[in-house]
Ligand SMILES: Cc1cc2nc3c(=O)[nH]c(=O)nc-3n(C[C@H](O)[C@H](O)[C@H](O)COP(=O)(O)O)c2cc1C
Ligand code: SF4
Ligand code: FES
Ligand code: FES
């Protein structure tokens, strides 16, 4: 995939991010979070630049990016819906809710709706285990989640 | 007039932000002069959003408040009333859930405004740190030793011994690392403390710094907790302004400062050596021990790694003395434990009490049984690596060694309740699948064994009962051949399910829906 951004500008923004973490010990994870906040994913083009800035090999940087579930190698849809799949939520019907939501959205885990608006991701515990099942749509947390609630919030962001 | 509407993520997830905004507007329309404080949660999650109205120094509760209830509530408040509403709960401190607790670590959570250092201090904050500075490193470690405090992150290692090792280790730079990765399903105490009383954790970490000579701290918070990350960052900035952190902690000769680091969605990074690698900007691979982190931790330097709740207990211990803390509890489980009651339970939330209550009392009396009203089938204590404990074993006392006698794990003291519709085969499969997804990849039994485990359970689900001994063998291989507790303990939920609920594994020739997927 071609980078959507102009090379010089990309480099400049990336260097600014690296510089903003200059006085941190072990800065790679904070940098990767900032990169993902900036572009919505960790562009492959960023990896060699990060490697040389931090005195690491490209393979090492790739190894780190690929180890963590949070870092994406391609952009997600503008909205991300996460459904908790962990045990406490399962005890309150999280599996059934996931089936219903997948059917309603017409997608499976990690897929994006046909209109390109919402990506569905599993998550293992949001720390809302006393008000299960739990979901999260972008920054919005949803406790005591139901198909209606999830659908209402999802329709809100799709409109 | 002061009105409290929680800002805790669990309250926000059921609409407390909307309630706060609309209640503010409705009161304004009525000309009521009220300040809305966004407090932490009291821990009675089934009552959230729980609105509290202060009158003559007593806080009266209403909950769970829906947006639709706000107008009537505002009308009541405007008339100067604090009860007489369908959602009235009376004085919050008098509710049985609150009265039954011994809140030491969580004393201020839900009570104070979490972003106010003044409020923190007015409610006893900083007393521990002040005394720590006065008595010095050796006496601090002795108090913690006397308290009997053990790691609340799962392994139960005595906190004082860890601190003593770091204090005695040579090196110009030492660290305090707070493990706020809280990945266990059924757990939310770390989150609740960081959101409801972040200064308590900062104070505990600063005391650890004074005790060990560590001048820099990191709080590693999982990325799934954006609210806690924000609360901690804000509180650290406040603490710096106040002089609680920095070159001279509260004007003393001790220096200590800290920063928040955010995880990236890897459960295994809750394991302390994996966490240290992650902090250093590496893959979260588990390190073999020795060397122990206390001697060669972050950047190869002496490092204390402690859970949020271990560190959060420290200010109280130093203020009130280790003996007072150690007088509570049973056996080798001293002090209080913030129990998190979760899942399919009527009254879910956080209940801090001395160790020693029976599991049955916690689930049935405090938790009120299941939310669905069906019989309890089992509970999982201690997160995804904890055993499923059947109702027959509910007489077990809540403590580290006591739970171990039932092959159970205290873990992070989260309890997930399941009713009789739970399919234990499916939950076993989940345990193996989770281990496969989250394995750091270092050991074959964990990485490959868990995948085999999923396949084997799928065959049992197809009716191949002869695969049950294969599953048992596999579990044994994982238990003994794994470097850390992810691969080593994932067999516990599986084996406990198999042992206590064999019927869920036998006679499954007619594939159930989930198995056929
Ligand atoms: C797979 C795995 C996950 C863990 N997750 C956590 C965690 O989320 N939080 C935590 O405090 N400890 C966790 N631990 C335990 C830590 O390795 C370590 O024992 C703990 O942070 C030490 O602090 P404590 O002595 O205060 O408990 C985990 C251990 C393993 C093996
Ligand atoms: S048991 Fe699993 S998670 Fe733990 S070190 Fe081995 S491979 Fe990594
Ligand atoms: S298990 Fe779903 S929020 Fe904790
Ligand atoms: S390190 Fe090789 S099997 Fe665990």
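Note that Cβ sites are derived from N, Cα and C of the backbone, with glycine treated the same way.
Non-local contacts of residue A:129 ([2Fe-2S] cluster binding site) by the CB criterion (under 8 A, 6+ apart in sequence, same chain) comprise A:86, A:88, A:89. The feature [2Fe-2S] cluster binding site is assigned by TrEMBL to A:84, A:89, A:125, A:129.
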Using a 10 Å cut-off, grab the number of neighbouring Cβ atoms around the Cβ of residue A:125 ([2Fe-2S] cluster binding site), all chains included. 29
Counting Cβ atoms within 10 Å of each Cβ, the densest environment among the binding-site residues A:84, A:89 belongs to A:89
